[in-house]
Amino acid sequence: MISAAQLLDELMGRDRNLAPDEKRSNVRWDHESVCKYYLCGFCPAELFTNTRSDLGPCEKIHDENLRKQYEKSSRFMKVGYERDFLRYLQSLLAEVERRIRRGHARLALSQNQQSSGAAGPTGKNEEKIQVLTDKIDVLLQQIEELGSEGKVEEAQGMMKLVEQLKEERELLRSTTSTIESFAAQEKQMEVCEVCGAFLIVGDAQSRVDDHLMGKQHMGYAKIKATVEELKEKLRKRTEEPDRDERLKKEKQEREEREKEREREREERERKRRREEEEREKERARDRERRKRSRSRSRHSSRTSDRRCSRSRDHKRSRSRERRRSRSRDRRRSRSHDRSERKHRSRSRDRRRSKSRDRKSYKHRSKSRDREQDRKSKEKEKRGSDDKKSSVKSSSREKQSEDTNTESKESDTKNEVNGTSEDIKSEGDTQSN
C-alpha cells in the first residue's frame, strides 16, 4: 500500500485528495520530508524493487519540481546533499563488493571440493590397480616356476586367480574413466562483477541479455556510474575554490608587480627631474656668473669712461677759461695800448679802469667757479645717465669726444699761438 501511495503521489501529487477549496501545502526542497537522494539524481530504493537487493520503499517525497527548484537555487551543491548521497551509494557498492568476494570464495571452495572428490577415488583406484598388477606379475612368475616343475594343476589354479585379478583391475579402470567423464560434464559457474549474481559459463546469449537488462544489474551499474560522476563533480567543486584562490593570488602578484614597476618608473622620473633641476640650477648659476662678469666689465668700462670724460671736461673747461682769460687779456691789453697811444694823458682814468677791471675779473672768477661747480654736477648727472646707456653708444660717444678733443686741442694750440703772438706784439708796443 505504501508503494502504491508513493506512486500516486508521484503521478498526481501529494495534494491529490484535497478538495478544491482546501489549501494546498507548499513544501520546499529543503524540507525534511523531501528525499534528498532524489534531489541529487535518484532514490536507490527505486532501483531494486522486487529483487534480492530490495531496499524497501522510501517514505519521503519524490517530486520532480522540487528537484528542479533545488537545481536552480543558489545553494545547489552547497548544502552537502551530494556528499551524503555519495557516501550512501559507496556503502551500497561496498556491500555488493562483499557479495562478489563471497561468490568468488564459494566458487573456489566448490571447485576445490569437486577436484578433491574426484581425485580421491581416482587415486585409490590407481593404487588398487597397481597392487593388482603387482600380484598378477608375482602369480605369473609362480605359474612359470610351477610349469617348469611340472605342477600343472597348481599352475592352472593360480591361472584362474590371475584371471580374476585381471577382471577386477579392468573394473577399477572403467570406474576411474566414468568419474572423470562425470566431472567433465558438470557445469562451470562464474560471478557477475557488477551485481554479484552467479552466471553459467557459456550460457545462452538470451539468458545473458536477460541478466544484463535486469533491475539488479542495471541498478548497480547506475550506482557505479553515479559514484564516478559525483566524485568528478565534487573534485571540480573543491578545485574551483583552489583555482579561484590561485587566480586571485596570481592577480595580486600581477598587481604587486605592476605597482613595483610603477614605483620604479616614478622613482626614475623623480630622479630625472632632480637631475634636470640640478642642471637648470647650474645653468642659471652660470648665467648669473656671466651676467655678473659682464656687469662688472661694463661698470669698470663705464667708470673708466666717466673718469676719462670728467678729465676731458675738466680740461676743456680749463682750456676754455684760459682762452677766455687770454682773450680778455688781449682785449684789455689792446684797449689799453690803444688808450695809451690815444690818451696818454689820461693815466689816472686808465688806472681806475684797471682797478675796475681787476674787480670785475675777481667777480667773474667767482662766477666762473660757481659755473664750474654747476657744470660738474651736471656732468655727474650725465654720467649716471650714461651708465644706463648701451656699450655701443658709449663707444660712439667716446669716438666723437676724442675727435672733439683733438679739434679743441688744435684750437687751443692755435689760440695759444695767437696769444703768444699778441703778447709779443704787446711787448713790442710797451717797449716802444
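Note that Cβ sites are derived from N, Cα and C of the backbone, with glycine treated the same way.
Over in Swiss-Prot, the protein carries these features:
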- 124-181: coiled coil (COILED)
- 234-287: compositional bias 'Basic and acidic residues' (COMPBIAS)
- 288-301: compositional bias 'Basic residues' (COMPBIAS)
- 302-311: compositional bias 'Basic and acidic residues' (COMPBIAS)
- 312-367: compositional bias 'Basic residues' (COMPBIAS)
- 368-414: compositional bias 'Basic and acidic residues' (COMPBIAS)
- 421-432: compositional bias 'Basic and acidic residues' (COMPBIAS)
- Lys424: SUMO1 cross-link (CROSSLNK)
- Lys424: SUMO2 cross-link (CROSSLNK)
- Met1: N-acetylmethionine (MOD_RES)
- Ser3: phosphoserine (MOD_RES)
- Ser110: phosphoserine (MOD_RES)
- Ser115: phosphoserine (MOD_RES)
- Lys231: N6-acetyllysine (MOD_RES)
- Ser420: phosphoserine (MOD_RES)
- Ser425: phosphoserine (MOD_RES)
- Ser431: phosphoserine (MOD_RES)
- 234-432: region 'Disordered' (REGION)
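Of all the Cβ atoms in the protein chains shown, 12 others lie within 10 Å of the Cβ of Ser110 (phosphoserine). Non-local neighbourhood of the residue listed as 'N6-acetyllysine': Leu86, each in the same chain, at least six residues away, with C-beta under 8 Å from its C-beta. For the compositional bias 'Basic and acidic residues' (234-287), the DSSP-based tally of helix, strand and coil residues reads 54 helix, 0 strand, 0 coil.
Looking only at the coiled coil (124-181), the predicted model's pLDDT averages out at 76.
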